[in-house]
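J.: Before I ask anything, let me first share the structure, which is written out below as structure tokens.
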């Protein structure tokens, strides 16, 4: 039997064939590494950052108005989750240019100098809380939103002043502000977002704007990208919380402060700021007892805005209005989006902001 000699096989010069030849006999791990490098070259930096954050199964975004707000309202919570290994991100809307300065020796600072000083205070506070991911909200051109300022109407209640800077957060296009927050949401991809209740805690116009813009931002972030939020992949936040305080403990603390003669103590039976809500509206309490030292260190860092009286019968902090506010070892929240989950405390409140959320969500 004879056979006809066959010509030697010709190399496959198609792209697929070339790729196969290039990988033949190579270590599979080396091939995988090259594939990852190729993906890295094709994705933009924001997309890569989003993928890297998914390595942290639990991610939480706090949206605040000024440096110091994060430590006052959510400092223990931030420290607790940072300590537990969650991805904790702080977004601050302004640099606090118009904050009322408490120390006389710093009263000379003009708005820009105060902003720089408060940025340094915030960096120190973040270090105390163990949080490394902080960013300021910016306009599309990269500039920041300025503090809108406020006036005190009465103890615990503020409002916008008569002369609002056109560069301020309160004067900005609300849809633009919401879209900028939505871009951060899509980048960070948090399961949980925390911000103010509709009254902004005590009426500060920047707090109110942050609440409104964050609510709108979450709608934009979950949308198809046709409006706002840039071109990043849509993201649906699982749970949204508002910062609140339960009325009964607040009034009890005010009574104790009044009984001890604390200067500036509010009326235990009088009106309260919007952050204080009926006890039954509090859905969640985060026990930050172990993080109180970190919270106090963060509050001390904001020396232009906060003074502390920790030796009083009720350990308290004071803002520029001089009214003592208890330094709580627990921080309270109201769930406004999502489903509550256990474990629950004796009063039926959640004890974990991530309760009920699967790590891969």
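Every residue gets a Cβ built from N, Cα and C, even glycine.
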J.: Among 108, 117, 134, 207, which residue shares the Zn(2+) site with 66, 69 according to Swiss-Prot?
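T.: Looking through 108, 117, 134, 207, the residue Swiss-Prot assigns to the Zn(2+) site is 207.
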J.: Let me know the most crowded of the binding-site residues, choosing from 66, 207 and counting other Cβ atoms within 10 Å.
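T.: Sorting the candidates by Cβ neighbours within 10 Å, the top entry is 207.
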J.: Please list, in sequence order, the residues in the chain of residue 69 (Zn(2+) binding site) that are at least six apart in sequence and whose C-beta is under 8 Å away from its C-beta.
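T.: Those within reach of residue 69 (Zn(2+) binding site), by Cβ under 8 Å and sequence separation of 6 or more, are 92, 207.
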J.: Using DSSP, would you call residue 66 (Zn(2+) binding site) helix, strand or coil?
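T.: SS state of residue 66 (Zn(2+) binding site) = coil.
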J.: Cβ within 8 angstroms of the Cβ centroid of 66, 69, 207: which residues besides those meet this for the Zn(2+) site?
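T.: For the Zn(2+) site, the extra neighbours are 64, 65, 68, 93, 94, 96, 196, 200, 201, 204, 206, 210.
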